[in-house]
Ligand SMILES: NC(=O)c1ccc[n+]([C@@H]2O[C@H](COP(=O)([O-])OP(=O)(O)OC[C@H]3O[C@@H](n4cnc5c(N)ncnc54)[C@H](O)[C@@H]3O)[C@@H](O)[C@H]2O)c1
Ligand SMILES: O=C(O)[C@H](O)[C@H](O)COP(=O)(O)O
């Protein structure tokens with residue numbers, strides 16, 4: 001048996017070898033020639049899994065160690081009886097930390113978040129975790145997810161245009177889709193630009209093509225949009241330098257790249273194949289995940305306001321401005337920066353040591369997912 005695996009998926013080496021021959025290849029270079037004799041594929045977003053790749057092969061199963069599925073031609077896979085899966089929710093905690101870090105930076109730059117409105121478009125695994133980030137900073141939170149509203153009549157949906165008009169910060173967490181009533185390709189465009197509250201902040205960490213970059217540029221050039229933060233871009237890795245220069249932060253598609261998110265993705269991939277090929281890895285999970293040396297945060301800046309304290313705690317776990325700086329220095333290193341990503345652990349891995357009297361701060365830190373130790 002032969003499995004082809006993307007060589008950038010961590011924690012896999014040695015795990016599947018007792019069950020199959022494994023060929024590790026760079027994701028973008030996996031082609032029909034290599035795949036011909038494979039039984040299964042383990043991919044990331046960089047491998048387009050479609051008829052061109054799989055035609056004439058004996059592949060029986062494809063798994064992507066990612067949340068997104070827009071690189072998989074699902075209808076072709078299903079028509080050809082090829083079992084497939086992604087890793088739902090795997091790095092949602094990592095994206096939560098990314099958005100928390102963006103908000104923390106905004107707070108410390110003087111964009112006071114208390115009482116402002118956060119509009120979340122797409123409220124699935126990631127979007128639902130962003131609600132508590134907004135609430136922790138004392139923001140009002142509006143949600144837009146028409147597919148959920150259709151299935152769950154009680155879902156508190158805000159019409160897209162209303163959300164755009166009322167939100168000080170708009171953040172996208174939708175899948176990239178090109179068809180159907182809820183298609184998201186260029187969901188943000190010239191028309192929706194005219195709906196937003198003047199001076200708003202736009203964040204996109206979903207897929208680049210959800211936001212029409214020309215419309216975003218127009219928004220930034222005219223002041224309709226005050227600041228924009230992009231983790232995902234049209235035409236990755238060839239990003240628009242004109243746009244990059246106008247962003248508050250631009251990062252190389254790493255919002256989901258905390259160690260925890262990657263470990264969850266690898267585990268989901270292994271467990272999926274284990275069930276199909278009847279190995280005894282149905283509950284497999286990577287051991288000894290790498291961590292920073294010290295994951296304890298001590299609070300003593302009692303004079304800071306509560307949102308400043310929250311922001312400082314978040315930035316001790318992860319500062320998005322550092323990822324943005326690295327990409328600004330080397331925009332052509334987009335893929336390199338992804339491959340050589342430093343160790344980052346999600347918020348729930350960090351302990352905050354704090355004085356007993358700060359009950360409100362404690363609640364807000366808990367909303368963000370921190371472990372709390374009161375002294
Ligand atoms: N930048 C990164 O590193 C990173 C990491 C993880 C996920 N992502 C992207 O974020 C997307 C969302 O992740 P998720 O785990 O929350 O996915 P999910 O499938 O759990 O949730 C997506 C939500 O979007 C909703 N939706 C679909 N079309 C919509 C529309 N037109 N308007 C509003 N809502 C709509 C769906 O109903 C669903 O609730 C992924 O598909 C992936 O593309 C990016
Ligand atoms: O869809 C996802 O899970 C994320 O976008 C993920 O971070 C993609 O990572 P990649 O497969 O490109 O390494």
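Going from the start of the chain as shown, residues are counted 1 onward.
Cβ from N, Cα, C; glycine included.
Nobody curates TrEMBL annotations by hand; they come from automatic prediction.
Taken straight from TrEMBL:
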type     : residues      : note
ACT_SITE : 207           : active site
ACT_SITE : 236           : active site
ACT_SITE : 253           : active site, proton donor
BINDING  : 45, 66, 257   : substrate binding site
BINDING  : 145, 231, 256 : NAD(+) binding site
DOMAIN   : 33-98         : domain 'D-isomer specific 2-hydroxyacid dehydrogenase catalytic'
DOMAIN   : 107-255       : domain 'D-isomer specific 2-hydroxyacid dehydrogenase NAD-binding'
DOMAIN   : 289-358       : domain 'Erythronate-4-phosphate dehydrogenase dimerisation'
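Close contacts with ligand 1, defined as a Cβ under 6 Å from any of its atoms, occur at 145, 207, 231, 256 among the recorded positions 45, 145, 207, 231, 236, 256. In terms of C-alpha distance, the listed recorded positions 66, 145, 207, 257 place 207 closest to residue 236 (active site). Across the structure, residue 207 (active site) and residue 231 (NAD(+) binding site) are spaced 8 Å apart at their Cα atoms. Confidence annotation: the domain 'D-isomer specific 2-hydroxyacid dehydrogenase NAD-binding' (107-255) carries a mean pLDDT of 98 in the model.
The recorded positions near ligand 2, defined by a Cβ under 6 Å from one of its atoms, are 45, chosen from 45, 231, 236.
Across the domain 'D-isomer specific 2-hydroxyacid dehydrogenase catalytic' (33-98), DSSP assigns 20 helix, 13 strand, 33 coil. Within the group of binding-site residues (45, 66), the Cβ with the highest number of other Cβ atoms inside 10 Å belongs to 66.
Of all the recorded positions listed here (145, 236), the one with the fewest other CB atoms within 10 A of its own CB is 236.
Across the structure, residue 257 (substrate binding site) and residue 231 (NAD(+) binding site) place their CA atoms 11 angstrom apart. Secondary structure of the domain 'Erythronate-4-phosphate dehydrogenase dimerisation' (289-358) per DSSP, as helix, strand and coil residue counts: 34 helix, 7 strand, 29 coil.
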